[in-house]
């Protein structure tokens, strides 16, 4: 607790893209922040891995003895912007154990060690806030935790990775290949040199675990998320989507299944152009929430970037600081429910299959029969000749079916002589 | 404070469209609400003006002795859903004075008596939450107060009245007159029998005052809002907007002027179709927030209705109840800033003027000269003949200009023999 007129002392861990902006704002907006908190916010140290000056940063604040910084008795709030599991987890637990509130942007850590972190926070009666961990600047964590807490959320759909949304948007807008769109994204700073975490969907999956935990008052771990990235998306998929009046989005989908279990997945998905999420362009993010009483809500904004993410961090810092000043903590995580996770095979969806076949009599009948055998109902079919080589492409849109059934259809078809190459399979959103 | 295992006791004032839904949810969701609060939420009384049974409501809860209900010692949280200034103000102050937290949807009251209510809450160390007062189910109050509190908001634009958005959407979609669209809205329950508060912009103005107060950490009163409704919107205005690639929206606009003062207005405004707010259809609401660090955020959802508004109320009730259980209150309102209100005449905007003139030589020159005389720069002009009667219509889009200058141009033109009837004047959003 902050006594008397003492400033609220803040320690920052990490001074990268986001950390440097947080440090900047703490200095530039000092007067406003003081007015809003009720006491000055004082940045007392910045823990970094490698020593040496950073532009715009007071070098006296930098330290490589990061553990000592988080354990300092006079620190009130620790901001963790290192990312990754270690040393972030050890440092955060040390901060909590020694009575500090924590503000973090660390999605990977919370998606895999959330239970431990929130349990420690509850035991120490400190706050752990993490708005910056999902959807950058967009307030979504606090609304889910505190605004929609009187409602029953039925689904959360999110475009929560700016890199992949930018790439897919480029593929639609310019007809680029995935490889070309990725290179463009990297050249503009929308994708990392090693883009794996983004394009394989892992980043979105961690965020999905966090969103689902909040929405359904339970603990969803990263390993519970059925995850598929966009590396396999072809120009043919993009064209097929457009023919169907859709755009391909990497969609994080969290919903309650018919049996009450919770389904959480990240998949490239065809989204109808009328859906609010279809219009999310470039590196923007959006989260679409459906609740029993509120109906359909959407939150939209910059999903990444130094300043946008820093905005979310500072919002949490001020809120945590206000609590410290008043000698209180906010309500902790509400994860009382144990609905269980839906087996990915049982998750129902509409699907689009693109099957390249020999253009011969009986092929379409056999494709249709394979679907019927696994009880997958066809909503629409389109067959078109592919050049003069004797091949055709059959595009099938299904009605709602369990993933396992559709997966079995794909296996069946792939094993036949009719089918050339792989069967492309994408989920389709909406009725 | 709630002692031991005692339930958190809630008193409800008003049992109308929203109140009846709140009562329903408190009963139907009792188990989940208890799990989220940590103690049962117990509805102990419903204050109403007229006695008599209501469908689905336990009649034993109803009472017309509303003052006694709010003063009961065992009540923890009072939900005020009566609306209007009195008796709501007296009842809310009585609740606060006797140590209850308050949840309200009362925009008119907060826009005119906010200072008094929040001051009383601070003195009694209780919470006053009002998410339901603006934009129905959409979380916007809490995000502004607690998520964006580390940022510097530069503008808030809102479509915050579902009745007028529905009417204008109908006028665009079906070419209806205002009168016909209003009648349609009333028949579907999107407009009241007496629609004045909505169509004259007063409802939106109260909400704008609340949003501006939060965004700029100051106290903006209803009387500070420059307000204009949609009753004068013609099919000609709609057609002109469409020709300019815009849609007409009743826009609440809160921004920081060049001199640091705060401008708050509600006006029918031409919004370019590319703007995120242009796509808000029917009775939906949306709030578009621009901040220095976060960039551009948008919040979208149902702006009214029993269940959506009840969702916002229940979110506040749970949050207030959680605080009571833990013996704390949340941070109060942060209104430390005194920027002052921009004189409406000095607020700059782009404008569209539609002038019906005699189709004679020299008329256009005189119109252009009138604009030049008041330093209003023309961005685009279009003149077209009106039938065979010797009249023409001149449509002018201006660059940014102070409202007073444009108003003076309109006065000048209206006084001449050239101009037939009134000059139509609408703001135009965007660069």
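Including glycine, each Cβ sits where the backbone N, Cα and C put it.
All TrEMBL annotations are machine predictions without curation.
According to TrEMBL, the NADP(+) binding site annotation covers A:13, A:14, A:15, A:16, A:17, A:18, A:19, A:20. Under the three-state DSSP scheme, residue A:18 (NADP(+) binding site) falls in the helix class.
With a 10 A radius on its CB, residue A:107 (NADPH binding site) counts 25 other CB atoms from all the protein chains. Annotated NADPH binding site per TrEMBL: A:107, in sequence order.
For residue A:192 (L-homoserine binding site), the count of additional Cβ atoms within 10 Å of its Cβ stands at 13 [all protein chains shown]. Residues or ranges marked as L-homoserine binding site by TrEMBL: A:192.
Residues or ranges marked as active site, proton donor by TrEMBL: A:207. Annotation note: residue A:207 (active site, proton donor) sits in a helical segment as assigned by DSSP. If you take the C-beta of residue A:207 (active site, proton donor) and look for same-chain residues 6 or more apart in sequence within under 8 angstroms, you find A:107, A:111, A:133, A:134, A:135, A:158, A:160, A:161, A:252.
What TrEMBL lists as domain 'ACT' is A:352-430. Assigned with DSSP, the residues of the domain 'ACT' (A:352-430) fall into helix, strand and coil as follows: 24 helix, 32 strand, 23 coil.
The shortest Cα-Cα distance between residue A:192 (L-homoserine binding site) and any of the binding-site residues A:13, A:15, A:17, A:20 is the one to A:17. Close to the recorded NADP(+) site, the chain also has A:12, A:21, A:22, A:23, A:81, A:82: residues not among A:13, A:14, A:15, A:16, A:17, A:18, A:19, A:20 whose Cβ is within 8 Å of the site's Cβ mean position. Of the listed binding-site residues, namely A:14, A:16, A:19, the sparsest Cβ surroundings within 10 Å are found at A:16. Fewest other C-beta atoms within 10 angstroms, among the binding-site residues A:15, A:18, are seen around A:15. Local packing around the Cβ, expressed as the count of other Cβ atoms within 10 angstroms, is greatest for A:13 among the binding-site residues A:13, A:17, A:20.
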